[in-house]
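Peer 1: So Swiss-Prot lists the following for this protein:
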type    : residues                                                    : note
BINDING : THR10, ALA11, GLY12, ASN123, ARG159, SER193, ILE240, GLN284 : UDP-N-acetyl-alpha-D-glucosamine binding site
Amino acid sequence: MRVVVAGGGTAGHIEPALAVAEALRDKHGATVSALGTARGLETTLVPDRGFELHLIEPVPVPRKPNMDLLKLPFRVAKALGQARKALKDTDAQAVIGFGGYVSAPAYMAAKSLGLPFFVHEANARAGMANKLGVKLGGVGLNAVAGSGMDGDVVGIPIRAVLSGARDESAADRARDTWGLDKDRQTIFVTGGSQGSVSINKAVEQAVDQLVEAGFQVLHAVGKKNELPAAKPGYHPVPFIDDMQAAYTVADLIVCRSGAMTVAEVTAAGVPAIYVPLPHGNGEQALNAQAVIKAGAARQIDDADFTAQTLIDATLDILLHPSTHQSMSDAAKTSTAGNASTVIADMIAATINSQHN
């Protein structure tokens with residue numbers, strides 16, 4: 001069984017692709033390859049997980065008419081040719097895409113070669129590439145209802161190791177890695193791989209009060225941002241590749257509300273304060289609504305996110321054990337965590353039905 005997954009650029013596109021790839025490999029014995037671009041995180045994440053990566057040109061679609069729009073047909077043609085070659089070289093039997101710059105060429109290549117293909121939309125509002133994929137005949141799979149893309153609701157695929165009970169031995173190893181105190185509650189702050197100016201600024205101004213209140217802060221500031229000086233109770237790092245380790249030590253997470261992030265944090269059972277990115281299609285403001293209504297998280301809009309709002313929300317959660325426990329319980333009882341297997345089974349069934 002041979003499958004190609006397409007999802008590149010940001011972790012939000014790559015991680016669900018790799019989660020399904022691992023489920024296909026581990027449960028169905030599939031050989032899985034990935035399509036990506038040379039610019040994205042996939043250049044390290046995909047090989048690190050043991051999968052072959054085939055590079056194609058990214059095809060960003062300009063949101064406004066400009067000169068880049070004139071170049072679009074040529075970029076699409078080049079990327080389509082590269083994607084077709086990758087599918088032929090791997091002798092792919094099915095393709096699944098997760099949005100982003102590499103997905104549209106992957107869908108078109110699969111369509112042109114007569115291969116079954118699947119389209120997974122993680123966000124509450126579907127992107128253009130995925131809408132195109134379904135219109136071309138792909139099987140639509142939505143994380144939540146009402147995305148604007150036809151298809152069944154299956155949830156967001158996450159790695160099996162991210163869900164389930166907390167591994168205390170893994171937590172101890174993670175604390176040793178970052179120099180964390182086992183007797184202090186840990187606030188894990190991240191703005192994603194590139195970091196967030198607004199989140200970083202608020203944390204910088206709030207950290208002394210948070211530490212004085214008895215907490216410690218593990219802060220992923222972003223690869224391109226200057227690393228602040230560490231001090232007792234404050235542990236800044238550029239970026240965290242092993243999110244599983246970070247989740248095991250976190251008592252509270254402060255982060256953006258990308259669809260993949262929300263799914264992982266919820267499956268890990270960690271209470272969260274989400275600060276939606278106020279750009280794009282506005283999907284981040286929608287992604288966490290279900291878990292917020294369930295009581296597993298809180299949301300502070302980016303424009304309202306300051307040192308004081310961060311401190312107030314954090315103290316309200318961590319200084320009240322019953323509040324913290326109820327949020328954690330709400331996360332743990334959610335349905336997050338099983339979409340990888342569901343999707344892998346669908347792909348395997350489709351391939352098997354065509355060869356029986």
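For all residues, glycine too, the Cβ spot is worked out from N, Cα and C.
Just so it is clear, the model here is predicted, and its values are computed rather than measured.
In terms of burial and nearby residues, how do these features look in this structure?
Peer 2: Note on ARG159 (UDP-N-acetyl-alpha-D-glucosamine binding site): other Cβ atoms within 10 Å of its Cβ, all shown chains, come to 21.
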Peer 1: Test of understanding: give the count of other CB atoms lying within 10 angstroms of the CB of ASN123 (UDP-N-acetyl-alpha-D-glucosamine binding site).
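Peer 2: Its Cβ shell of radius 10 Å holds 26 other Cβ atoms.
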Peer 1: Give me the non-local Cβ neighbours of ALA11 (UDP-N-acetyl-alpha-D-glucosamine binding site): same chain, 6+ apart in sequence, Cβ-Cβ under 8 Å, ordered along the sequence.
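Peer 2: Same-chain residues close to ALA11 (UDP-N-acetyl-alpha-D-glucosamine binding site) (Cβ under 8 Å, separated by 6 or more) are LEU41, LEU45, GLY192, SER193, GLY258, MET260.
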Peer 1: Between the binding-site residues THR10, SER193, GLN284, whose Cβ has more other Cβ atoms within 10 Å than any of the rest?
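Peer 2: Of the binding-site residues THR10, SER193, GLN284, the most buried by Cβ count within 10 Å is GLN284.
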Peer 1: Over all pairs within THR10, ALA11, GLY12, ASN123, ARG159, SER193, ILE240, GLN284, the annotated UDP-N-acetyl-alpha-D-glucosamine binders, what is the largest Cα to Cα distance, rounded to whole Å?
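Peer 2: Overall maximum Cα spacing for these binding residues reaches 23 Å.
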